[in-house]
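Enquirer: Annotations per TrEMBL:
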- 611-702: domain 'DYW' (DOMAIN)
- 64-87: region 'Disordered' (REGION)
- 128-162: repeat 'PPR' (REPEAT)
- 264-294: repeat 'PPR' (REPEAT)
- 295-329: repeat 'PPR' (REPEAT)
- 396-430: repeat 'PPR' (REPEAT)
- 533-567: repeat 'PPR' (REPEAT)
Amino acid sequence: MEVSLARYQSISFEQIQSTCCFPSSIHKVFKANPLFSGYCFRFSRRKRGNPFDTIKCFSLEQGLQPWRPKPKPSRNTNPELKETKETQIKTPSVGICSQIEKLALCNRYREALELFEILELEGGFDVGSSTYDALVSACIGLGSVRAVKRVFNYMVSNGFEPDQYMSNRVLLMHVKCGMMIDARNIFDEMPEKNLVSWNTIIAGLVDIGGYLEAFRLFLFMWEEFSDCGSRTFATMIRASAGLELISVGKQLHSCAVKTGVGEDIYVFCALIDMYSKCGSIEDAQWVFDDMPEKTTVGWNSIIAGYALHGYSEEALSMFYVMRDSGVKMDHFTFSMIIRICSRLASVEYAKQAHAGLIRYGFGSDIVANTALVDFYSKWGRIEDAKHVFDRMPCKNTISWNAVIAGYGNHGRGAEAVELFEQMLREKMRPNHVTFLAVLSACSYSRLYERGWEFFQSMSRDHKIKPRAMHYACMIELLGQEGLLDEAFALIRAAPFQPTANMWAALLTGSRVNGNLELGKFASEKLYGMEPEKLSNYVVLMNIYNQSGRLKEAAAVLQTLRRKGLRMLPVCSWIEVNKRSHVFLSGDKSHVQTDEIYRKVDSLVHQISKRGYVPEEKTLLPDVDEQEQRVLLYHSEKLAVAFGLLNTMNKSPLQIVQSHRICNDCHNAIKLIALVTRREIVVRDASRFHHFKHGSCSCGDYW
C-alpha cells in the first residue's frame, strides 16, 4: 500500500480525536518545533527486491572506509550464465551455522560472533534466516556496534533478502545498540511496516529522549493501525512522562481504557511512572491500588515515585509492605532502598537492605553494589564501602567513581589517587566525573602537585575538556596553598564564563587567608549570580569581622535584613541503637537534657586544660546570631555529648550536621576526640571531618 506523506500532513487533530482525543498541547508543541534535526523520516514506499540494497551504515560517513557491495550480475536467461551464478554461492557447513545458533541460544554471544568470523573470512556463504536471527541476538546481547556493522554488512554483501520478521529483527538490532540514525534509514527503506516495526522505532526514539519525534510517528502510525497494542500505549505514556505533559498522559490513559488495553500490566506500570514524574503522586497511588496483580515493576514504580517527591519514609514503608506481600524483589528494588536510606541517614536500614540483597541472590549485581559503595562512603563507613567494592566481580566506571569519591571526601586523598591509578592500569576509561572525584580528593588532602598533574592530563591524555567544577577544585587547591593570585588568574584564563562555584572557591580561599580585597571582589561577583544565597553574604561579613572592619560588616548585616534572608536553625543528629536523635543549638527538649548539658560542661572543662578558648562572635555561612548566643551548646556539641553518654567506650561516633560546622565547634571537637580517645566523624554541608588524636582530616580548611 502506497503511503503519502502529504496525506498525513493534512490530518487534522479533530479527525484523530474522533476516535480517541489528544489534547491541543501536543499540537502546540509540534507547531513550536516544526523541524527535528537528525530525525527526518521519509514515508514514500518504493518497491525493491531487497530493502537493504540502498542502505549504508551512517558511521561510515564519519571517516571509515565505505563498504562497496559486489556488483550483481545482470538478469539473464542464459542457462550457462545462470549456472555460473549459482556456483558463486557456497553452501556453508551445516555444523558452523548450527553451532552459531546453539551458542546464541545459550547466551554465549561472544563465542557465536567469533565463530561467525569463519563465514566472514571465507565469504560468499548462503546463510539462512535462522543463523542471521541468532547473530542478531548475539549483537543485541553484547550491545556491540562493531558486531552490528559486521553482521549487517555480511547480510548486504551476500544479497540476503529478509522477510518481515527478519526486517524487524535487523531494525531492533540497530535500535538496541544505539544506532538510531542507521535504524531510521532501515525503517525508511522497509517495503512493508507492521505494528512491530512502528513500535520498535518509536520505542527507540523514546529511549534516547526523542519524545516529540516519537509522538509525530505515533500519529502517523495511529492513522494506519488504529488498533495499537498495549506496548504502544505504554511507550507513548513514557514519552508524555519525558515531556512532563500530564494532560497528554491522561488522554493516553483514557485512550488505553477505551481500546481495551487499560488493564495491561505494562500500561499500569507506565501510568504509575508518568503520574509520579508529572507531579501527581496521588494519581500514581490510585493507579497502583487499581492494579489487579501487583508486579515487581509496579511496586518499584510506586516506591520510586514516593522517593522522587522526597517522601522517603513513605517509600521505605511501601518497601516493607512489598516484602511482606511476598512479591519477588529485584536488584532495582534494593538499589532504590539503599538510596532512600542514604536520604534518611539510616545505616541500620541500609545494612538490612544489604543483607536482603545477598539473601535474594543479587550480591554480585553491579548497580546495587555501586549504590552500596556510594551509601557507605557518604555515611562515614568507608571501610565497608571498600569491602563491598573489592568483592564486586565486575566493576564499571561508575563503581570506580563512587569509591574514589568516597576516599576523597573522607580526606584520604593518597588512597583515592592510588585507586585512580589502579583504575587506569585496569584499562578502565575515566570520564569527567572520575576526574572531579580525584581532583576533589587532591583538594581535600592538599595534594597540590598531583592535582595539577591530573588536571593537565585531562585534555592532554584523555581528551576530556575540564568543566567548571574541575576548575573550582583547582581554585580551592590553590587557595589552600595561599596562592590566591594564581587562583584568580586561573578564573580569568578559563575558556568559559566563571561560574558561581568558581567564585565561591576563591571566596573561601580569601576568607581562610584573610585577603579582604579579593574576598570582597569575589563576593560582589556572587551577589550578581546568586543574589538570594545567604552564605555569600555571611562569608564576606566574617572577613570584615576578622579584619576589624565592623562598619562594613554591619552594612552587610543590614543588607541581609533588608532582603529578608535568614538561616534556618542549625540541626545535628546522631543514630544510637537504631534510632536517630536530633538536636538544635541550645535544645532542651531531649529526655536526657540535664545529663547532656552536664556532659558538655565537663568536656569544656577538660579541653580548656588543653588550650581551648571559646571564640568571640564570628559568623560562618551557616551560623546565625541566635546560634552565637548559645555558643557552648551548639547542636554539634550536644550530639557529641549524647553519643559519649550512650555508646560504649572507644566506639566511633557518627554525627550529621545540616550546615557547615563552625570554627568553635571544630576546635572543640578536635580536643574532645583527644581527651576521650574516640574517633568522631562529622558530616557537614561541606565535607566529612574525621577527628582523631586532636586533629581533623580537613587540615582546618573547609
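Placement of Cβ uses the backbone N, Cα and C atoms for every residue, glycine included.
Automated prediction, rather than curation, is the source of TrEMBL annotations.
Neighbours and distances for these, please.
Expert: As a whole-number mean, the pLDDT of the repeat 'PPR' (128-162) in this prediction is 91.
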Enquirer: If you run through the repeat 'PPR' (295-329) with DSSP, how many residues end up as helix, strand and coil?
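Expert: Result for the repeat 'PPR' (295-329), in helix, strand, coil order: 27 helix, 0 strand, 8 coil.
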Enquirer: Are there residues at least six beyond either end of the repeat 'PPR' (396-430) with Cβ under 8 Å to its Cβ atoms? List them, or say none.
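Expert: For the repeat 'PPR' (396-430), the sequence-distant neighbours (Cβ-Cβ under 8 Å, at least 6 residues beyond its ends) are 366, 369-370, 373-374, 376-378, 380, 382, 385-386, 389, 436-438, 440-442, 444-447, 450, 454, 462, 464, 687-690, 697-699.
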Enquirer: How many helix, strand and coil residues does the repeat 'PPR' (264-294) contain under DSSP?
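Expert: Its residues fall into 23 helix, 0 strand, 8 coil.
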